[in-house]
């Protein structure tokens with residue numbers, strides 16, 4: 001809200017509050033002046049203290065208004081930081097007004113003074129308005145002058161994005177239960193039945209005691225006991241059905257959340273997985289979704305049950321004694337405020353705990369997935385120490401949670417104890433003065449204990465809900481995330497020649513925005529031809545593959561497939577006509593048949609066998625115990641490196657792709673297997689456009705076109721003989737290889753490319 005509007009509204013209310021309160025006070029004390037009332041103040045008969053409370057809250061609002069008006073940038077911040085002050089003031093005045101009503105009832109039975117009732121009601125109206133106006137002033141937008149550098153309220157930093165409100169997150173979470181509305185209605189019905197049955201139990205228990213102590217009637221006692229038994233049985237059955245339905249509903253919610261989260265994750269752009277650790281994503285998908293469904297289901301169940309019980313208990317309590325009911329409710333606002341403070345703190349701690357657990361999970365996942373490497377360096381103890389340090393960070397946060405919970409239980413328990421002692425003392429006074437019977441006092445005390453248990457449960461529910469909401473915010477952060485690179489192409493022609501053109505391609509990884517990996521790169525891949533990319537490490541060879549696979553967006557230029565931008569093609573179609581075999585292919589924990597036919601809806605077994613034969617994999621597959629039904633293990637761990645490459649080659653060839661990319665695809669093969677695969681590729685060139693990234697001279701020299709990259713630029717193009725004749729970088733690389741001075745067609749460059757994500761492809 002603008003500053004002048006907030007100031008006008010606040011000043012208008014302060015004037016109204018002081019005027020109305022003063023008028024009511026004056027009409028209620030026509031028989032004496034203000035000075036006389038001050039000199040002879042009687043707390044049992046005067047409302048001077050309520051008038052003074054009005055002046056105090058008006059001064060607070062005026063001070064807040066002046067502070068915001070003088071500095072519209074810093075003032076609202078200070079008000080937001082001091083919300084606890086106005087909360088305590090309103091809470092104290094509200095409790096004092098209740099106590100004032102009880103004191104008046106001691107000398108005026110009943111209270112018939114309309115001016116007292118008018119001031120009593122107006123006090124609560126003005127307290128609510130004061131609290132709201134404080135919040136209104138805290139949301140004032142600063143003027144332009146207040147934001148100028150050098151101003152008192154100018155801090156120079158941008159405000160952090162506001163966190164999504166807990167209520168909105170909870171509402172969004174519950175919206176995922178819409179398909180289960182019928183189940184929720186049934187569960188709510190049985191919840192109400194069970195809660196009402198539990199609410200009537202103390203009443204009929206008191207009736208049973210009265211029939212023995214007062215009426216001394218066995219018939220009335222038997223009737224009361226039968227009713228108690230029926231209520232207990234009925235409420236127990238209803239509670240069991242309610243719990244079962246809620247458990248079913250939130251189990252379905254858990255499945256729904258995980259499915260939505262997983263679908264959102266697999267739709268993200270490739271850069272997203274470069275920036276986020278696998279352990280963090282797995283933690284969101286497993287522990288966070290489980291925590292959300294478990295905590296929210298359990299706590300919503302408890303909250304609804306206790307809400308219904310509280311409603312019934314409050315009705316019975318007011319019917320027994322309105323005075324003791326006011327005494328009871330004096331303490332509960334304090335408990336609610338403590339619960340609110342604790343809940344916010346616990347929510348923040350919960351998010352920190354989940355993040356710390358995710359970091360620990362990432363460490364464990366990284367170590368276990370690379371156990372052979374860890375063992376080869378005898379680094380087991382060091383990895384265990386790293387994991388222990390991560391767990392110790394979690395433990396430190398757990399200690400904070402324990403301390404916060406201890407303080408919360410201590411504060412709420414002490415408040416409940418004060419309320420119970422006050423009820424006993426004041427209730428005894430009412431019984432002695434004849435305003436209440438002893439039986440009603442006993443019944444009221446029973447209901448007060450029930451109410452206390454309900455409020456304690458609601459308090460624990462709040463902290464549990466905040467913990468669940470904290471996890472839900474992390475889950476929704478990924479569910480709601482829109483990928484920055486959308487695969488919305490629609491082209492899917494029946495015939496594709498397979499011509500690929502790189503036109504002035506400039507590319508930068510999002511994780512390294514200031515380093516251009518490719519700079520104005522241009523070359524073409526022709527149908528029926530083999531093109532080889534060579535160059536030093538970090539020259540951009542694998543980046544060209546990533547771009548051709550449409551993994552990343554370009555910063556400049558374009559890549560064309562048959563004259564059309566690759567982004568214009570349908571996502572599934574594009575990766576059916578372009579197949580990739582990487583240096584370290586990833587197999588899935590499935591059978592060899594399923595791995596070869598991965599990503600294809602239906603593939604005849606004969607085509608699987610034919611592709612395996614072309615990839616020189618059929619022989620070793622048939623030697624396995626289960627043949628093509630053999631499970632490859634996690635990431636193909638049951639197969640050797642060469643066997644995995646041949647299965648990955650078969651996975652690419654079974655698609656009969658117009659464009660075939662081999663990124664060091666034969667590096668783990670023996671010479672004979674490599675020769676057979678090369679023969680299969682060169683023998684079927686009329687159906688493939690082949691791009692090879694290789695370091696072996698035997699693989700490169702047979703290519704129809706060799707493209708030499710250096711530092712992200714194309715420095716040479718031609719056949720093997722042409723490039724040797726030209727001299728230059730390619731000739732140096734060949735010479736070094738032939739002399740054995742360096743690894744084949746490669747040397748260490750000044751920079752390295754980030755790990756390629758192409759291992760997720762065939």
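Backbone N, Cα and C define each Cβ position, glycine as well.
Here Swiss-Prot gives transmembrane segment for one range in the set 158-178, 221-241, 242-262: that range is 221-241. Looking only at the binding-site residues 537, 539, 542, the densest Cβ neighbourhood within 10 Å occurs at 539. For the transmembrane segment (315-335), the list of distant contacts is 91, 94-95, 98-99, 101-102, 105, 199, 202-203, 412, 415-416, 418-419, 422-423, 426-427, 430, 435-436, 440-441, 443-444, 447-448, 451, 455, 459: same-chain residues at least six beyond its ends, Cβ to Cβ under 8 Å.
In the three-state DSSP scheme, residue 536 (ATP binding site) falls into the coil class. For the transmembrane segment (7-27), the residues of the chain that approach it from at least six positions outside its boundaries are 47-48, 50-51, 54-55, 57-58, 61-62, 64-65, 68-69, 115, 118-119, 122-123, 126, 129-130, 133, 136-137, judged by C-beta separation under 8 angstroms.
Same-chain neighbours of the transmembrane segment (116-136): 1, 6, 9-10, 13, 17, 20-21, 24-25, 28, 47, 50-51, 53-54, 57, 60-61, 64, 79, 83, 86-87, 90, 93-94, 97, 100-101, 104, counting only residues six or more beyond its ends whose CB sits under 8 Å from a CB of the stretch. Non-local contacts of residue 535 (ATP binding site) by the CB criterion (under 8 A, 6+ apart in sequence, same chain) comprise 541, 708, 709, 710, 729.
Looking only at the domain 'ABC transporter' (500-736), the predicted model's pLDDT averages out at 85.
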